[in-house]
């Protein structure tokens, strides 16, 4: 069923490919845009004596490296997160449809939160494998002064020191940080959109303009982002310290940081991740609108289930 308003069928290869393009743009652009904030956050986590707060961190960095110093690590960030976005959003759509078909229409509705969680976790598993090498290079460039200034310098040097392992040793902590984060990001977003249309927006989605729909997307994205930041922050602190120190394990770092230590820099991260998640969903949805991709309305109870539950006349 291909009608004129859509450029392709829901669940077709073209649909997945264009969703992947949306993912590349949404993750690549947003993460590259916040490189300065991310750089200061990483340095605060790794060297809290020197970089005491966000503002202090910015001024110390600018004093030492100039304004250009704030853009350190932009290349691995752009490449890494573009690859991650491709896999994250592209595979999410694949797994959502795949698992939904496995469950059947009624169960897919009843268990929709679990469906979002499972599909996003599966997608993120692959997305992190794509991201890991660039994330490792980025942390080196940003937090080890004098190690390397560009991606072209960092990659051969890391390979010479530790071989291929240098690029993938961070993948397990990355899964620890990103999988809960992504599960929260997708499930929370999907349910928030559903709730906003049900309780906040005065008219059904089909009557909203594209612009109004994108505003709902942005708001739901921000709300989801706040939850994401809180859920994944302790693991994020551990990842930053781990990549800097050779030879320590995640559990050792966790013990040493303690309960208070892992929550350092949370407020900065809430602002960063909230804005980031909102923008990512906004860009992703805008790409879908631009390419005229089918965007299914918020889930409704299947007719067959309404009959079973005696909800129909």
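One-based numbering along the chain as shown.
Keep in mind that glycine also has a Cβ here, set from the backbone N, Cα and C atoms.
Taken verbatim from TrEMBL:
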type: REPEAT; residues: 14-98; note: repeat 'Solcar'
type: REPEAT; residues: 111-195; note: repeat 'Solcar'
type: REPEAT; residues: 212-290; note: repeat 'Solcar'
type: TRANSMEM; residues: 15-40; note: transmembrane segment
type: TRANSMEM; residues: 214-235; note: transmembrane segment
type: TRANSMEM; residues: 266-284; note: transmembrane segment
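Sequence-distant contacts of the transmembrane segment (214-235) (same chain, at least 6 residues past either end, Cβ-Cβ under 8 Å): 173, 176-178, 180-181, 184-185, 188-189, 192-193, 196-197, 201, 205, 208, 254, 262-263, 265-266, 269-270, 272-282, 285-286, 289. Across the residues of the repeat 'Solcar' (111-195), the predicted structure has a mean pLDDT of 92. Note on the repeat 'Solcar' (212-290): DSSP counts are 70 helix, 0 strand, 9 coil.
Counted with DSSP, the repeat 'Solcar' (14-98) comes out as 74 helix, 0 strand, 11 coil.
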